[in-house]
């Protein structure tokens, strides 16, 4: 890959990762986000171009959160989704 192509890609990934403050997310929430990304075929849960628009991601994360996590994690996930993907998603 040419360096000129790599720099914009790195900047984009850094921007996406900045929207996900992992240190503020519970291990349960991170587990569910990662599982959702895998099921949806997204590169990771910070791949917002994939995760924000993929029903499989949303469904998997929602099911995982309800089965495995506490209400605070569910609330955090909803807030994070609105912030990263927009209220319309």
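Numbers here mean position along the shown chain, with the first residue as 1.
A Cβ is built for glycine as well, from the same backbone N, Cα and C atoms used for every other residue.
Taken from TrEMBL as is:
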type: BINDING; residues: 47; note: heme binding site
type: DISULFID; residues: 52-85; note: disulfide bond
type: DOMAIN; residues: 1-89; note: domain 'CFEM'
type: SIGNAL; residues: 1-18; note: signal peptide
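Annotated pair residue 47 (heme binding site) and residue 85 (disulfide bond), C-alpha to C-alpha distance, rounded: 11 Å. Secondary structure from DSSP puts residue 52 (disulfide bond) in coil. Taking all protein chains in view, 15 other C-beta atoms sit within 10 angstroms of the C-beta of residue 85 (disulfide bond).
Counted within 10 Å of its Cβ, the other Cβ atoms near residue 52 (disulfide bond) come to 16, all protein chains included. For the recorded site, the residue listed as 'heme binding site', the DSSP three-state label reads coil. Here the Cβ of residue 47 (heme binding site) has 17 other Cβ atoms within 10 Å, regardless of which shown protein chain they belong to.
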